[in-house]
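Scroll down for the structure; my scribbles are underneath it.
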Amino acid sequence: MTNVVVSGEQLQEAFREVAVMVDSTVAITAGPRGKTVGINKPYGAPEITKDGYKVMKGIKPEKPLHAAITSIFAQSCFQCNDKVGDGTTTCSILTSNMIMEALKSIAAGNDRVSIKNGMQKAKDAVLEGITSMSRTIPLEKMDEVAQVAIISANGDKDIGNSIADAVKKVGKEGVITVEESKGSKELEVELTTGMQFDRGYLSPYFITSNEKMIVEFDDPYLLITEKKLSIIQPLLPILEAVVKSGKPLLIIAEDIEGEALSTLVINKLRGGLKVTAVKAPGFGDRRKEMLEDIAALTGAKYVIKDELGIKMEDLTLEDLGTAKNVKVTKDNTTIVSGSSDSDRVKARVEQIKSQIETSTSDYDKEKLRERLAKLSGGVAVLKVGGVTEVEVKERRDRVEDALHATRAAIEEGIVPGGGVALLYASSALDKLKGGSDEEQIGINIIKKVLSAPIKRLVKNAGLESAVIIDHLTKQNDKELIYNVEAMNYANAFTAGVIDPAKVVRIAFETAISVASVLITTESMIVDVPNKEENASSSMGAGGMGGMNGF
């Protein structure tokens, strides 16, 4: 490999080519009338999908420079998907159009930094416009919750209604998780015991799914302790017992570090022990109480602590807690269907209620209510089934995306869908003035690009966007949308064409962030194969040739 510096017009042209490629490949999947894209796989038949996230992942240009630029696009859009589970297609449409418009102005001799500053100045005004259109979803309006999920699940009403049912069962703050079902029933909702707390895995090496970046265990044991674990020796007897049982293990401790953590990681990587470790939730006395809650919920005989005089070396499997399923992300741990002692849980619930009544601190009362909700609220499990493994996986992906979008809608409310939220938010820029003519160009770029999502939705439906956009902007009704599926104008909330405000916001913020970075990048250093590597590649590939150029 040889390092090559690419800059100037050559780099700008590469940015433009990648932006055009992304816009023409990912954007065609947008909306109910979006088209599918085939993605070639290293093995098996190509995957046919209209999921913008999968299409973005599938774009792998041959030229090293284009591949590097595409990876910047992709990572930014993936961040959008990670945060809200949706919005990848909208993000890619906005990003590519911002870059294409900005490059035109830069080619005309305008200062790229000033253009970027104007774009950033426009950002705050647009975000205020999105917020002003947002309306909260009352818990009793399950039809709106369902509609958000239906749209995110590509129109699947069963998914939308099931998610609405799950939200109704556990409330807006409740825990909802997704798992695969062994039965053939496509989707069902089950309410079970469980808990979620805000602590993630202590090492990414514990991850069991690289695609989703999570740890997921079925039927695990749980070792719960107040102690800080730094030496592996005391843990060896119980770890050996867990290995013999064939089950995975979740360790919850004050902290796990040094030799203890490194040994667990090494054993996991070697395949000898299915294990993950997280820090205990809370702080001080509250942490102790939360660990007791988890022990009660999972049927653990006790929380291991110095006061009990119990040695780690003497632990048996009967002392540990168990659960039906645990999921650990980098931020959260969810325990589903712990083998709880119902009397023990009830006793703790009553104890917490009593503490709430006697507490004189509003802060303490709030934390006690949080513990009460975790103990008594339970977990709604969306069980996804199907005839084949491929069908189950595809359906589960859609359920998880729809669930993310629904949570986003509950968190920040909903806005009119069909691309009009961004179109209407652009009116906030009508009177915004830049500090210079070039800053004003940046503001005008954002104003123009905010119509790109609706233009693409309409184009994918085979219609002309100019007339539709003109009609929408002249009505002075920010709830009016064009329904590309029904081919008519309608009220967004009546027709159920709505988007989570958070998804729209994150997609816009992410797009303007990556566009600002790319348009102000003057040079890039890329690795390109040297002549010897190209020759070797050509011989090894039966004369098909290696990568040439940037």
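Just so it is clear, glycine is given a Cβ too, placed from its N, Cα and C backbone atoms.
Under the heading ATP binding site, Swiss-Prot lists Thr29, Ala30, Gly31, Pro32, Lys50, Asp86, Gly87, Thr88, Thr89, Thr90, Gly418, Asp499.
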For Gly87 (ATP binding site), just count the other CB atoms lying within 10 A of its CB, please.
-> 31
Considering all pairs of residues in Thr29, Ala30, Gly31, Pro32, Lys50, Asp86, Gly87, Thr88, Thr89, Thr90, Gly418, Asp499, annotated in the record as contacting ATP, what is the maximal C-alpha distance expressed in whole angstrom?
-> 18
Do any residues at least six apart in sequence from Lys50 (ATP binding site), in the same chain, have a Cβ closer than 8 Å to its Cβ, and if so which, in order?
-> Thr29, Gly34, Lys35, Thr36, Val37, Asn154
According to DSSP, folded down to helix, strand and coil, what is Thr89 (ATP binding site)?
-> helix
Number of Cβ atoms other than its own within 10 Å, given for Gly31 (ATP binding site) = 25
Given the binding-site residues Thr29, Thr89, which one is most crowded in terms of C-beta atoms within 10 angstroms?
-> Thr89
